[in-house]
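Heads up, the thing below is written out as structure tokens.
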Amino acid sequence: MSNITIYHNPTCGTSRNTLEMIRNSGNEPTVIYYLETPPTHDELVKLIADMGITVRALLRKNVEPYEELGLAEGTFSDEQLIGFMLEHPILINRPIVVTPLGTRLCRPSEVVLDILPEPQQGAFTKEDGEKITDESGKRLK
């Protein structure tokens, strides 16, 4: 069993790039398709605390429920926002990666490199052609 977990959306390029960087470090993570299997309330609260971000910082803003629910207004408590995220998992920004070195919202995807226990094992180029590591696994940016 892997000691790395990714909350993943396979339709998201950032999430796909993050997953491939984890694999490029020689690790096969536990993949949680969070739209199908959202975290529990307690899991989501822990993820937010472990990332050291606000609840609002985890909210996706460019999705339908954000507008429909009026979430741009600052009138909702953290607990209410968490409830909306659990009811509409598409509101949870992604990918979230948990490793022994920390928990991060990996936007941009190369943020994952800061918390991987093993280095990249070779060159990595994102889907859009941006080079992230060279042939020796050294970070380029």
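One-based numbering along the chain as shown.
Glycine is no exception: its Cβ is also placed from the backbone N, Cα and C atoms.
Listed in Swiss-Prot for this protein:
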- HIS8: site 'Important for activity' (SITE)
- CYS12: active site, nucleophile (ACT_SITE)
- ARG60: site 'Important for activity' (SITE)
- ARG94: site 'Important for activity' (SITE)
- ARG107: site 'Important for activity' (SITE)
- 122-141: region 'Disordered' (REGION)
- 125-141: compositional bias 'Basic and acidic residues' (COMPBIAS)
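HIS8 (site 'Important for activity') has ARG94 as its nearest neighbour among the recorded sites ARG60, ARG94, ARG107, going by CA to CA distance.
Classification of CYS12 (active site, nucleophile) by DSSP places it in coil, neither helical nor stranded. Other C-beta atoms found within 10 angstroms of the C-beta of ARG60 (site 'Important for activity') number 16, with every protein chain shown included.
Among the recorded positions listed here, namely CYS12, ARG94, ARG107, ARG94 has its C-alpha nearest to that of ARG60 (site 'Important for activity').
Cβ neighbour density within 10 Å is lowest for ARG107 among the recorded sites HIS8, ARG107. Comparing ARG94 (site 'Important for activity') with ARG107 (site 'Important for activity'), their Cα atoms are 8 Å apart once rounded.
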